[in-house]
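According to Swiss-Prot, the features are:
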- Arg23, Glu80, Lys120, Lys454: (6S)-5-formyl-5,6,7,8-tetrahydrofolate binding site (BINDING)
- 226-231, 245-251, 270-273, 335-338, 358-360: GTP binding site (BINDING)
- Asn226, Thr245, Ile247, Thr250: K(+) binding site (BINDING)
- Ser230, Thr251: Mg(2+) binding site (BINDING)
- 216-377: domain 'TrmE-type G' (DOMAIN)
Amino acid sequence: MSHNDTIVAQATPPGRGGVGILRVSGQQARNVAQAVLGKLPKARYADYLPFKDADGTALDQGIALWFPGPNSFTGEDVLELQGHGGPVILDLLLKRILTLPGVRIARPGEFSERAFLNDKLDLAQAEAIADLIDASSEQAARSALNSLQGAFSARVNHLVEALTHLRIFVEAAIDFPDEEIDFLSDGKIEAQLNEVIGDLDAVRAEARQGSLLREGMKVVIAGRPNAGKSSLLNALAGREAAIVTDIAGTTRDVLREHIHIDGMPLHIIDTAGLREASDEVERIGIERAWQEIEQADRVLFMVDGTTTDATDPAQIWPDFIARLPAKLPITVVRNKADVTGEQPGISEVNGHSLIRLSARTNEGVDVLRNHLKQSMGFDTSMEGGFLARRRHLQALEDAANHLQQGKAQLLGAWAGELLAEELRLAQQALSEITGEFTSDDLLGRIFSSFCIGK
């Protein structure tokens with residue numbers, strides 16, 4: 001589809017509501033205004049007008065806003081029609097606009113894509129629009145807004161500028177070897193490189209926090225039947241999300257709850273008790289439990305404290321531990337402290353965290369919440385942060401690796417060309433974040449995940 005087309009879409013959610021908004025962007029937006037409104041509204045003023053059909057009859061009446069390009073969200077001529085939010089009314093108005101020449105329905109994210117292509121937003125800011133809409137906590141929303149306002153991009157652009165400055169010195173030393181310009185003898189290049197590496201590490205740490213706010217952590221509760229897994233899910237969720245009975249195998253399928261701990265999203269997953277299945281339904285539930293375990297960020301190994309005194313997971317259930325992915329973090333949760341008389345709390349056993357609690361009485365559950373927050377390295381004291389996506393983290397990691405390779409060249413045999421190339425690759429990786437260096441395929445994947453009308 002051409003970016004020269006004029007596009008239209010509903011900007012408000014589908015369904016019944018008090019207000020419904022249609023957004024038009026492109027060269028034909030002026031003609032749409034003339035056809036539907038009978039005139040072109042004054043730029044950037046709210047005008048209360050009837051919205052007319054082709055025969056001149058009114059379809060609706062509401063507020064029209066006219067934003068001539070390039071001073072608009074997309075950088076093109078933009079018309080917004082704010083009418084009543086009934087789906088029939090909006091559908092009639094949308095059909096009316098689509099009868100006009102050169103107008104088509106917008107693809108998901110196409111308004112934001114045009115804003116990016118017309119330099120109204122960089123790619124990180126455009127992604128922040130979707131993240132702001134999808135934010136699941138106040139802290140995530142604030143961080144997404146910071147990204148939309150350019151906080152993340154400013155940090156990245158500062159790094160890119162520093163690398164540009166560094167590359168000038170390095171490439172000058174390569175291009176003019178006879179000019180007696182020795183940038184290495186006084187250690188200035190090494191000092192500048194170390195400064196860039198330090199700044200990049202700080203951005204990476206903040207980006208990891210932003211990624212936690214956006215992606216959250218997937219925690220799977222696993223163990224034998226009747227260990228209290230569903231009771232723990234209910235305790236963490238603060239509601240009766242799962243059925244709890246004394247009957248082994250009550251939970252047959254995967255149950256999911258999304259909670260927040262100090263703004264950090266947690267995806268808590270309760271699974272079927274692991275044992276030899278008694279029927280086909282239970283077998284499928286246990287198979288799904290293992291699928292969730294293999295994709296988890298952390299496993300809470302639930303143990304009924306009344307059945308064993310062991311605290312080492314390898315002693316409690318060797319076969320279970322042997323089947324777990326090698327690098328998967330495990331937290332042993334000894335449940336039913338209210339029955340065993342154990343003191344709720346946390347300790348370390350053979351490299352694993354051990355938490356004693358009672359899911360039934362909630363004793364020790366706060367200890368588990370704090371443990372989950374700390375295990376992900378989430379720092380609530382970081383103010384004014386930004387949200388980051390997986391691709392951002394990968395780009396930052398790639399840049400860091402190239403800088404370390406460049407430093408090795410600098411401190412080793414002084415292979416100037418190789419150092420310059422590593423600096424160029426680091427700069428290219430950072431530029432992918434803001435979209436200065438980005439493939440069309442990546443752009444398509446990013447914007448296709450947006451809402452229609454955004």
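Cβ coordinates come from backbone N, Cα and C, glycine included.
Here the features listed in Swiss-Prot are painted onto the structure.
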residue: Arg23; record: (6S)-5-formyl-5,6,7,8-tetrahydrofolate binding site; DSSP class: strand
residue: Glu80; record: (6S)-5-formyl-5,6,7,8-tetrahydrofolate binding site; DSSP class: strand
residue: Lys120; record: (6S)-5-formyl-5,6,7,8-tetrahydrofolate binding site; DSSP class: coil
residue: Asn226; record: GTP binding site; DSSP class: coil
residue: Lys336; record: GTP binding site; DSSP class: coil
residue: Ser358; record: GTP binding site; DSSP class: coil
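Each of the binding-site residues Lys120, Lys336 was scored by how many other Cβ atoms lie within 10 Å of its Cβ, and the smallest score goes to Lys120. When the binding-site residues Asn226, Ser230, Ser358 are compared by the number of other C-beta atoms lying within 10 angstroms of their own C-beta, Asn226 comes out lowest.
The two recorded residues, Ser230 (Mg(2+) binding site) and Lys120 ((6S)-5-formyl-5,6,7,8-tetrahydrofolate binding site), have Cα atoms 49 Å apart. The two recorded residues, Arg23 ((6S)-5-formyl-5,6,7,8-tetrahydrofolate binding site) and Lys336 (GTP binding site), have Cα atoms 57 Å apart. Taking each of the binding-site residues Arg23, Lys229 in turn and counting other Cβ atoms within 10 Å of its Cβ gives the largest count for Lys229. In this structure the C-alpha atoms belonging to Lys229 (GTP binding site) and Glu80 ((6S)-5-formyl-5,6,7,8-tetrahydrofolate binding site) are separated by 51 Å. Rounded to a whole value, the Cα-Cα separation of Asn226 (GTP binding site) and Lys120 ((6S)-5-formyl-5,6,7,8-tetrahydrofolate binding site) is 57 Å. Taking a C-beta cut-off of under 8 Å and a sequence gap of six or more, Glu80 ((6S)-5-formyl-5,6,7,8-tetrahydrofolate binding site) has these contacts in its own chain: Ala11, Ile21, Leu22, Arg23, Val24, Ala64, Leu65, Phe67.
Comparing Lys120 ((6S)-5-formyl-5,6,7,8-tetrahydrofolate binding site) with Lys336 (GTP binding site), their Cα atoms are 57 Å apart once rounded.
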